[in-house]
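**Student:** Would you mind keeping the following structure in view while I ask a few things?
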Amino acid sequence: MSLGSGLAKGLAVTFRAMTRRAVTQQYPETLPELPPRSRGVIGLFEENCTVCMLCARECPDWCIYIDSHKETVPPAAPGGRERSRNVLDRFAIDFALCMYCGICVEVCPFDALFWSPEFEYAETDIRDLTHERDKLREWMWTVPEPPPPDPSAEEAKETAAARRTADRRAAERSRPAEQAEQAEQAEGDREPGEGSAS
Amino acid sequence: MDVLDVSLRIGGVLLAFLLLPLLVGQAEHKVMAHMQGRLGPMHAGGFHGWAQLVADGVKFAQKEDVVPQGADRTLFRLAPAVALIPYLIVLIAIPVGPGGMVGEVIDAGIFFVLAVLGVGVLGSLMGGWASANKYSLLGGLRTAAQLMAYELPLILAAASVVMAAGTLSLPGILDAFAWWWVPWQLIGGFVFFTAGIAELHRPPFDAPLAPEEIIFGAFTEYSGLRFALFLLAEYAGIVVVAALTAVLFLGGWHGPLPDQLGWLWTTLKTAVLCFLVIWARVAWPRLRVDQIQRFAWTVLVPLALAQIALTGVVKVVFL
């Protein structure tokens, strides 16, 4: 009786589904709880931007527009040479072209670009999807704090480096008198930084 | 029987005819959604989308009523009415409660009901032929084949109840009803209900509609209000078939409560059967045309004949 059992199974499955609560979230009423690192929109922390153009050059679909000019800064000390620096004039991302690959965020060496989970920026005209620096700066306020690393995760490189320096300083302060075994101390420098991961 | 009484009865039947199919439709929206892990309509009308079908009706009424160029215009326009009105007429003869709670007592009620039910299917056939569309014609022919196949078990199963009660009148059948009729006529009830679903071409017997293969069959060319009338006919048909099954095989108004509340029992039994129709649609896939035919001729007809034999034997030997 494979036929009959199949029919009964169909009835049972659908009935069980009916007795359970649907997991549907009614979107405009219930806003979604997005996971950390959600790729909603790209925010610009323009204070950090040095107009290095790496993001614009790495962007696969060329959707980042950057204009800048050079300004000279008076010499720091009398008799010195004038210094020049880049000033950002325009920073725009065309979200109609952007494919949310995140290469610009990855490649930025000065931490000026961030992912924000904000996603409600639909427009009725495709040209309105090119957002200028003031809008991108506003989105910076919606960037969440990065989530803490997993308990068993490898320590971040910058944390490890900072810890190593701190440990070395502490070791130097604790035994200033003993200058004799400097070679041994150099060995000990490396130990705490690597030992801390375990 | 004065004018007031007649108009009250007709008004009641009309109200039921306008309201119950919408209730079944809304129940189908919600039950089907929850069986598939969805919510169904949630916004129309504010509370859990109760006004979804009203909104659908408004939408259908606004749409253009297109008649294809090659169509037989008169038949094409007439078909939705032919599909819908028989169910209204059948509702008049279905007894809801004891003591004359019925639109009109007809002596040969069961003949009348089955004859008029058969007319409803002609609407799809007319629409399929008049549309001048090969998919519509295919759907119409499948409808006709299905009508031929399932009308026989339907009538045989009904005949079994008629033999048991010794009367053709629907209230008369219910007057003769006793609780042990339910197990006695169980096979007949199954055959009648299944054949009824098949005549309405509801899933799993919806090969004549089959939106994925022949694009709603006879309804391919229909739009706007006429399409809505066909849909309404489908849901009115569910109500009628469920109510008839409840009256003939499940004892209609008979139940533990006093007779004044008999209409509640009829309604409850009809509602449960309507739920079964919806459930079958969600749970089971569509049968092929040949499977539908085979099921009718090799399963339902023999079962109906066996039921008639059983009824006759019990009637002659024990009663």
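Note: Cβ is positioned from N, Cα and C throughout, glycine not excepted.
The domain '4Fe-4S ferredoxin-type' annotation in TrEMBL covers A:40-69, A:89-118. Feature annotation from TrEMBL assigns [4Fe-4S] cluster 1 binding site to A:Cys49, A:Cys52, A:Cys55, A:Cys108. Annotated [4Fe-4S] cluster 2 binding site per TrEMBL: A:Cys59, A:Cys98, A:Cys101, A:Cys104, in sequence order. Taken from TrEMBL, the feature region 'Disordered' applies to A:141-198. What TrEMBL records for A:154-178, A:187-198 is compositional bias 'Basic and acidic residues'.
For each listed feature, how buried is it and what is near it?
**Tutor:** Long-range Cβ contacts of the domain '4Fe-4S ferredoxin-type' (A:40-69) within its own chain (Cβ-Cβ under 8 Å, at least 6 residues beyond either end) map to 34, 86-99, 101, 103-105, 107-119, 121, 130, 133, 136-140, 142-143.
Annotation for A:Cys49 ([4Fe-4S] cluster 1 binding site): spatial neighbours A:Leu88, A:Phe91, A:Phe110, A:Ala112, criterion Cβ-Cβ under 8 Å with sequence separation of six or more.
Annotation for A:Cys104 ([4Fe-4S] cluster 2 binding site): same-chain Cβ neighbours under 8 Å, separated by at least 6 residues, are A:Ile42, A:Cys55, A:Ala56, A:Glu58, A:Cys59, A:Ile64, A:Leu113.
Beyond the ends of the domain '4Fe-4S ferredoxin-type' (A:89-118), by six or more residues, the same chain brings 34, 37-50, 52, 54-56, 58-69, 126-127, 129-133, 136, 139-140, 142-144 to within a C-beta distance below 8 angstroms of the stretch.
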**Student:** In the structure shown, which of the binding-site residues A:Cys59, A:Cys101 has the fewest other Cβ atoms within 10 Å?
**Tutor:** A:Cys101
**Student:** Could you measure between A:Cys108 ([4Fe-4S] cluster 1 binding site) and A:Cys98 ([4Fe-4S] cluster 2 binding site) for me? Cα positions, answer in whole angstrom.
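**Tutor:** Cα of A:Cys108 ([4Fe-4S] cluster 1 binding site) to Cα of A:Cys98 ([4Fe-4S] cluster 2 binding site) measures 16 Å after rounding.
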**Student:** Across all protein chains in the structure, which of the binding-site residues A:Cys55, A:Cys108 has the highest Cβ count within 10 Å?
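**Tutor:** Max Cβ neighbours within 10 Å, all protein chains included: A:Cys55.
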**Student:** Report the member of A:Cys52, A:Cys98 (the binding-site residues) whose C-beta atom has the most other C-beta atoms within 10 angstroms.
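**Tutor:** The most densely surrounded of these binding-site residues is A:Cys98.
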**Student:** Taking the mean position of the Cβ atoms of A:Cys59, A:Cys98, A:Cys101, A:Cys104 as the [4Fe-4S] cluster 2 site, which residues outside that list, in the same chain, have a Cβ no more than 8 Å away, listed in sequence order?
**Tutor:** A:Ile42, A:Cys55, A:Glu58, A:Pro60, A:Asp61, A:Cys63, A:Ile64, A:Ile93, A:Met99, A:Tyr100, A:Gly102, A:Ile103
